[in-house]
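Listed features, source TrEMBL:
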COMPBIAS  368-384  compositional bias 'Basic and acidic residues'
REGION    365-384  region 'Disordered'
TRANSMEM  12-35  transmembrane segment
TRANSMEM  41-61  transmembrane segment
TRANSMEM  73-92  transmembrane segment
TRANSMEM  104-124  transmembrane segment
TRANSMEM  145-169  transmembrane segment
TRANSMEM  221-243  transmembrane segment
TRANSMEM  255-278  transmembrane segment
TRANSMEM  285-307  transmembrane segment
TRANSMEM  319-349  transmembrane segment
Amino acid sequence: MSQFLSKRVSNYELFFDLAVVLAIGQLTSAIHLNHIGLQEVLAFITTNIIIFNIWHNEVLYFNKYGDSRLQDIYTIIALMFIVGNISLNFSLNIKGYYAGNPQLMLFNFLLMLAYAFIALQYFLKGKKLGFSHNIKLSILSQLSYSLPLAGLALGLLPLNIWTALIYLLPNLLPIFSRKFYNHQLVNFPHIVERLHLVTLLTFGESVIAIIKTYPLKDQPLTGFMLFFGMATLFVFYMGQTFLNINHHQETTASILFYAHLPIFAGINIFTVGIEFLAESHHTSIGFILFLAGIISFYLGVLATSRYNKDLYRFDLKAWLQYSCTILTGFILMILLKSHLIFLALILVLQNRLMMRINMANRHRARERHNVPHPDPSKNFRDFS
């Protein structure tokens, strides 16, 4: 077990997350357009990635260097203000993606500013601690995410499938640049807690959407079943990331962040899918998004198993059971897609089976290695 102490999540980090809550709400509202095609869906997914990337880079800064001194407090508050205003300029209307569109220019200018502020945080920390090799590279990385946006921010470039690749630089460049960093581990418990929190907040938008779209007085059974289906997605997520993952390992956590990107986007896709299922003119696209969101979520959650405790690595039997459960559930959903109550019921049962597979794998692993099973009559909050 690592000898590193777990770093506490500061209240200022939680305060910053409020801007992410606003961004999620604005984004799920922005996709409610008269016409929704592939381009609009891709724009929605890309914007999810943009939100997550800003949050991810700020989390990494605080994980490695943040100590809640005044310079950290003021810069994270400023970044929070910038992110909030970025979210007010979300637009998924493809017709507005021409060069020189004022809203598009403002959005990209603010996005440039967000990455520049994270670079400023590293710079200020370098002045305090000394400009180590890693701090210099971190400043350079943030600027490499910020400066390429200038063409869009100045109205020189339109937004299309090629220029949109600029938004993915924070996902692509680290794959190649990590070899230039001196080996530096993260405080893994802090990372896991931050990812749990942002996932919880993302589910919060889904909670609001289901309750508002399917109120108890109008659709009591459908609303309850969809709500319970959403809740069991969260339970499955926690069963994997809280119970199975070794929270005290020494690692860079890169794959854990990449795994949470489809989780984050998947929940939001699932949320808008549920909203569209209630709209007669968007039912078809609603079902596609509903299904795609669940698939994305499952893939992300299962990808986090890379960090499981050695005892709880998934064996071949578990992987086959997960695959069969997911495939069977989706086939049934496709066959019964016109019956919303059955979609919700299948989702609940599917999630319940996914949870049972996880617990059965844990049980087999303990017996295989002669590890005593936890005593349910004694709750020491030791879920290992």
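Just so it is clear, glycine is given a Cβ too, placed from its N, Cα and C backbone atoms.
Small disclaimer: the values here were computed from a predicted structure and weren't measured.
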- Query: Can you name the far-off residues of the same chain, 6+ from the ends of the transmembrane segment (73-92), with a Cβ under 8 Å from a Cβ of it?
  - Reply: 12-13, 15-16, 18-20, 22-23, 25-27, 30-31, 33, 40, 43-44, 47, 51, 54, 58, 62, 103-104, 106-107, 110-111, 113-114, 117-118, 120-121, 124
- Query: When you check the transmembrane segment (221-243) against the transmembrane segment (104-124), do you get at least 3 Cβ pairs under 8 Å, counting only pairs 6 or more apart in sequence?
  - Reply: no
- Can we call the transmembrane segment (12-35) and the transmembrane segment (104-124) in contact, meaning three or more C-beta pairs below 8 angstroms at a sequence separation of 6+? no
- Message: Quick check for me: are there 3+ Cβ pairs below 8 Å between the transmembrane segment (255-278) and the transmembrane segment (104-124), leaving out pairs under 6 residues apart?
- Response: no
- Item | Long-range neighbours of the transmembrane segment (41-61), counting only residues six or more past its ends (CB under 8 A) | 13, 16-17, 20, 23-24, 27, 30-31, 76, 79, 83, 86-87, 90, 92, 94, 111, 114-115, 118, 121-122, 125, 138, 142, 145, 161, 164, 167-168, 170-171, 186, 191, 194, 198, 257, 260-261, 264-265, 268-269, 272, 285, 289
- Task: Could you pull out which residues elsewhere in the chain have a CB under 8 Å from any CB of the transmembrane segment (145-169), counting only those six or more residues past its ends?
- Result: 42, 46, 49-50, 53, 57, 97-101, 104-105, 108-109, 111-116, 119
